[in-house]
Amino acid sequence: MARGEGAEQYSNTSLLQKPSPDGIKLAAKRESRGRLSVCSKLCYAIGGAPYQITGCAIGFFLQIYLLDVALLDPFYASIILFVGRAWDAITDPTVGFLVSRSPWTRFGRMMPWIVLSTPLAVLCYFLIWYVPSVDQGKVVWYLIFYCSFQTLQTCFHVPYSALTMFISTEQKERDSATAYRMTVEVLGTLIGTAVQGQIVGMANAPCISTGKDLNSTDLQGAPEVNITEPNVSLKHLRNAYMIASGVICSIYVVCAMVLFLGVKEQKETCRVRTEPMSFFQGIRMVMGHGPYAKLVMGFLFTSLAFMFLEGNFALFCSYTLGFRNDFQNILLVIMLSATLAIPFWQWFLTKFGKKTAVYIGTTSVVPFLVSVVFVPSNLIVTYVVSFAAGVSVAAAFLLPWSMLPDAVDDFKVQNPESQGHEAIFYSFYVFFTKFASGVSLGVSTLSLDFAGYVTRGCTQPAEVDLTLKILVSAAPIVFIIIGLLIFISYPINEEKRQGNRKILNEQRENEIDSETDSTELNVV
């Protein structure tokens, strides 16, 4: 049946059948259940903070931590970063399928995953930031706990992302809750940057002024050379990373508790869920839906742009711009600006549409990516540019999660008999973005190795400076252009979105009438 014919049939059905008083009461109950209180939206939004807090700390600091604190060779660091992210990407669709097969419990279908994964996730996260005493086992240590944390984080984040479809049946309420969520998540990146950056910044170990032949092996063999200065040492720096991770772990647990206690997961409608499918069937289903495939591929490239920027910005500020002692404050300015800009982008996409917001929000960062490379190094100018760039970072946070429910709704309209696959759609989106993150971190660190990166050196070779400029400016701009070209063919505009919303509402009304008829027959 064509989509237009389905809409006409549902519309005619609703016109011919006059709702009974019981049906009106049931409809009113459904409508009230669709509304969300401000408290529920806030509790739901707070649940998204752990993913962003830990993700921001890892994204901005793990690379420089492995190189300058754990003293790993750049080649091994690139292996850890790529394998960890690639493994994380693989676990996303796996967890998505397991979640979609999970039975309904008294706490819901998503909540048990969130609650049970939290204790082990915080333990693994803490151990990522611990430097083992045995040098030969460092690579294995970080691979095990980084991959373990990413797996447990996935068990939290995939169900949480899919929870968007189960907190309300109203698209407007879901969009509003998503705006709350994005505001808190960007605030989470601000918290992650502040906690990690400021605590670590207070114990920032000095760089080492030696020849260009210095490498991590030399440092491990002679750890006392120029490392210890008054009140500052590499040991103090390592302790600071552990303190920061302990604070973040505490915030993680509190946010998970608030989510569990403050949000009620709504059970699905009476529509029978489709039988679980295999992994490859899931790939064909989600990527076979054109709007979803174009949305994911577009955001894959735009997200890749911001991931290259995120993963290399700390090194860029420290070595290329020369702000070794200020980079954590620069990152804080970016995240503060992004937090303040989220309400603006929510207003903008409501007034001008989501596709327009994508074009304006994503391209607005390009002038700043160019200026931060070509304008002579100046701390005040860097702060101004960073604040302006944060506005575009906010759009990159908000828009994907605001547009994904539209693509899922479009799938429901075109496939009314295929239901219960929300977790699969969300998990595959997370899969592609995390795989892109692994590629960006692995390629970045490997590129620095080839360029001759000097571990904890006060200066870097000219080749490293050039590589960092490419990684934070040229590469992101290219990926942004590719992503926006893909978005040109994205078919869900505001008219299409409103049409899908109308059809889904009519389907729900028809289900209400069916439930009422069944109730009346049982009474008779």
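Placement of Cβ uses the backbone N, Cα and C atoms for every residue, glycine included.
As recorded in TrEMBL, the features of this protein are as follows:
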type	residues	note
TRANSMEM	42-66	transmembrane segment
TRANSMEM	110-132	transmembrane segment
TRANSMEM	139-160	transmembrane segment
TRANSMEM	240-263	transmembrane segment
TRANSMEM	292-309	transmembrane segment
TRANSMEM	329-349	transmembrane segment
TRANSMEM	356-374	transmembrane segment
TRANSMEM	380-402	transmembrane segment
TRANSMEM	423-443	transmembrane segment
TRANSMEM	470-492	transmembrane segment
Feature contact check the transmembrane segment (139-160) with the transmembrane segment (329-349), CB under 8 Å, 3 or more pairs: no
Long-range Cβ neighbours of the transmembrane segment (240-263) (under 8 Å; 6 or more residues past either end): 39-40, 42-44, 46-47, 49-50, 53-54, 57, 61, 65, 69, 107, 111, 114-115, 118-119, 121-122, 125-126, 128-130, 156, 160, 163, 167, 191-192, 195-196, 199-200, 202-203
Range from 42-66, 110-132, 139-160, 380-402, 423-443 with most C-beta pairs under 8 A to the transmembrane segment (292-309): 423-443
